[in-house]
Amino acid sequence: MNVPRETIAAIATAQGRGGVGIIRVSGPLAGKAAEAIIGRTLKPRFAHYGPFVDGTGQVLDEGIALYFPGPNSFTGEDVLELQGHGGPIVLDMLLQRCLQLGSRLARPGEFSERAFLNDKLDLAQAEAIADLIEASSAQAARNALRSLQGAFSRRVDNLTEKLISLRIYVEAAIDFPEEEIDFLADGHVLNMLDDVRAELSTVLREAGQGALLRDGMTVVIAGRPNAGKSSLLNALAGREAAIVTEIAGTTRDVLREHIHIDGMPLHVVDTAGLRDTQDQVEMIGVQRALKAIGEADRILLVVDATAPEAADPFALWPEFLEQRPDPSKVTLIRNKADLSGDPINLQTSVDGHVTISLSARSGGEGLELLREHLKACMGYEQTSESSFSARRRHLEALRHASDSLEHGRAQLTLAGAGELLAEDLRQAQQALGEITGAFSSDDLLGRIFSSFCIGK
């Protein structure tokens with residue numbers, strides 16, 4: 001790859017005051033900077049304590065200096081780390097000294113970008129650094145660390161190797177049709193293809209779970225007017241986020257509240273009550289509610305347990321089921337259990353439907369059941385040593401690869417079209433390569449690394 005030769009420098013610790021502050025330098029001038037600031041040649045990978053001096057010999061600070069010659073460093077280049085006191089003025093003076101010695105100020109994420117360009121880590125691992133820093137729960141941090149250590153990349157690389165093997169068989173059958181063994185016709189290729197599809201499906205499911213832990217789950221509260229949707233939002237948020245009255249149709253727009261349950265991020269959306277109406281403003285609210293339902297990761301379908309139609313709420317709203325055809329993502333909330341006399345509990349039906357009876361306003365009875373249920377939906381405490389962190393772009397790439405394999409299988413089974421299957425396999429491999437950076441445009445790399453902290 002085209003690795004830049006400029007030397008870069010930046011403050012690597014968070015803004016503000018602290019006990020320790022770190023300046024990081026990477027590039028061909030790092031060794032020269034070390035000698036100028038410390039006053040002597042540093043032994044590689046040893047901690048050297050002493051004063052940090054400016055161009056006139058005046059002491060700027062004192063602390064520990066570490067020198068890592070490339071390629072045995074984080075970036076793969078010569079790297080210098082100066083660990084001094086964490087005052088912003090002191091750190092800025094030390095940074096200015098590095099810039100005077102020929103370094104330039106690093107862009108956000110440029111150290112990680114250079115590590116990627118020097119093959120010290122792949123793109124998924126580089127992104128995991130930012131995910132680890134921004135983790136909002138212990139579970140998300142553990143997943144990000146596993147991705148940084150290569151758990152996700154190994155799964156993708158294994159899929160890629162299987163795709164390459166499959167492509168070899170397909171290309172051989174196309175290029176040498178006169179051979180006695182026809183891999184396309186004897187079922188060997190189809191079996192290999194189905195094996196890759198099954199493994200890809202597993203990785204996609206696990207990546208989806210990892211993305212929820214990283215980005216948070218979008219939970220939409222839906223139901224008829226006056227079922228207690230806004231009361232449920234307030235109970236989950238722990239504050240009066242929505243206006244609650246006895247008047248049906250009080251909520252006319254989509255309300256969004258960001259909450260955490262044991263550190264797990266949730267984006268809770270309260271919607272207008274679903275009903276036929278002639279009110280233009282309320283109609284817009286209903287349309288927005290249906291749109292939110294279609295985009296949700298989890299839907300809390302709230303019904304008034306005291307109403308006679310609460311016995312079979314799904315039969316009431318065909319438009320609801322049209323927006324969310326996957327019933328596995330719907331949790332039925334029987335609200336107002338304090339008035340109906342329903343016991344506070346969580347029940348799972350034979351077909352997997354979960355129903356929770358609670359009271360959103362009566363001291364939040366049953367709310368803890370709902371919180372635990374939402375945590376379970378996000379995969380809280382259900383991850384294994386192989387689980388990993390993932391991003392939305394990773395999911396898009398995995399889905400693209402999956403779609404290509406599905407299309408290729410149809411071409412093979414319906415038309416025996418080996419050439420078209422070969423192209424679909426190529427596209428699937430390229431989609432997987434976008435995850436680790438084997439196939440990545442400069443624009444994509446720029447967007448990814450610009451989201452990092454300066455000094456990372």
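Using N, Cα and C of the backbone, Cβ positions are placed for all residues, glycine too.
Keep in mind the model is a prediction, meaning the values are calculated, not measured.
The Cβ of E81 ((6S)-5-formyl-5,6,7,8-tetrahydrofolate binding site) has 21 other Cβ atoms within 10 Å, all protein chains considered. According to Swiss-Prot, the feature (6S)-5-formyl-5,6,7,8-tetrahydrofolate binding site maps to R24, E81, K120, K456.
Within 10 Å of the C-beta of S359 (GTP binding site) we count 24 further C-beta atoms, all protein chains included. Sequence annotations record features per position, and here Swiss-Prot assigns GTP binding site to 226-231, 245-251, 270-273, 335-338, 359-361 based on sequence analysis.
For N226, T245, I247, T250, the entry in Swiss-Prot reads K(+) binding site. N226 (GTP binding site) falls outside any helix or strand according to DSSP and counts as coil.
There are 24 other CB atoms within 10 A of the CB of S230 (Mg(2+) binding site), with all protein chains counted. Residues or ranges marked as Mg(2+) binding site in Swiss-Prot: S230, T251.
Residues or ranges marked as domain 'TrmE-type G' in Swiss-Prot: 216-379. Averaged across the domain 'TrmE-type G' (216-379), the predicted model reaches a pLDDT of 75.
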Residue among binding-site residues N226, S230, K336 with Cα closest to the Cα of R24 ((6S)-5-formyl-5,6,7,8-tetrahydrofolate binding site): S230
Fewest other Cβ within 10 angstroms of its own Cβ, chosen from the binding-site residues R24, K120, K229, K336: K120
